[in-house]
Amino acid sequence: MNDNLLAVPILVPLICALFLVILHRQVRLSRRIALGALLISFIASLIMLIEVMKNGPMTLDFGDWPAPFGIQYVGDPLSLILVTTTFLVVFMIVAFGFGRGEKRASRYYLLSFILFLTTGVVGSFLTADLFNLYVMFEIMLLASFVLVTLGQSVEQLRASIIYVVLNVIGSWFFLVGIG
């Protein structure tokens, strides 16, 4: 099996999220594109999981740089089980979770940020180095900041400020721990 398949679960949702920023007003089309990207990523992660169970872990060095200098992703059984489960859950959320409020979802770029969040989660599961884990963690946090602050109530805004402050402090400790 080609180890380049490890890039699919990260790049497909990321590219789709960037594309959905442009299409955010067309809710039905955006939803179909998001579901298609999630389905493609789910199938790719399932294929990789089956392959890893047969032949052992997969590794991918981006840019052909060796591990200490370049970005390396590793697909082992545990990480691919987590990635496959993530795509299954997010697919179900996007497919069945937004029956009402489609205009509100388009106004806030909801599907785009769900895919950005998914990219961060999946990248965190597949990365093989701490700095890239920090980068994926920050992508995940930035998307979650936006998703938490989508509401318009005062209580939700107050809670989101506390959430952001605590996560910034946690990210700082994470970065100091890596360094």
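The backbone N, Cα and C atoms fix where each Cβ goes, and this holds for glycine too.
As annotated by TrEMBL, domain 'NADH:quinone oxidoreductase/Mrp antiporter transmembrane' applies to 128-178.
Per TrEMBL, the feature transmembrane segment maps to 6-23 (among others).
Taken from TrEMBL, the feature transmembrane segment applies to 35-53 (among others).
Taken from TrEMBL, the feature transmembrane segment covers 73-96 (among others).
According to TrEMBL, the feature transmembrane segment maps to 108-127 (among others). Proximity of distant same-chain residues to the transmembrane segment (108-127), defined by a Cβ-Cβ separation under 8 Å and at least 6 residues beyond the stretch ends, is recorded for 6, 9-10, 13-14, 16-18, 20-21, 24, 30-31, 34, 37-38, 41, 71-75, 79, 82-83, 86-87, 90, 93-94, 98, 133, 135-144, 146-147, 150.
Annotated transmembrane segment per TrEMBL: 133-150 (among others), in sequence order.
Sequence annotations record features per position, and here TrEMBL assigns transmembrane segment to 157-178 (among others). Within its own chain, the transmembrane segment (157-178) has Cβ neighbours under 8 Å at 130-131, 134, 137-138, 141, 144-145, 148-149, 151, counting only residues six or more beyond its boundaries.
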Recorded stretches the transmembrane segment (6-23) and the transmembrane segment (133-150) touching, at least 3 CB pairs under 8 Å: no
Long-range environment of the transmembrane segment (133-150) - Cβ separation under 8 angstroms, sequence gap at least 6: 108-110, 113-114, 116-117, 119-121, 123-124, 127, 156-157, 159-160, 163-164, 167, 171, 174-175, 178
The domain 'NADH:quinone oxidoreductase/Mrp antiporter transmembrane' (128-178) - residue tally per DSSP class, helix then strand then coil: 44 helix, 0 strand, 7 coil
Contacting positions for the transmembrane segment (73-96) when only residues 6+ beyond its ends and CB under 8 Å are counted: 6-7, 9-10, 31, 34-35, 38-39, 41-42, 45-46, 48-49, 52-53, 57-60, 62, 111, 114, 118, 121-122, 125-128
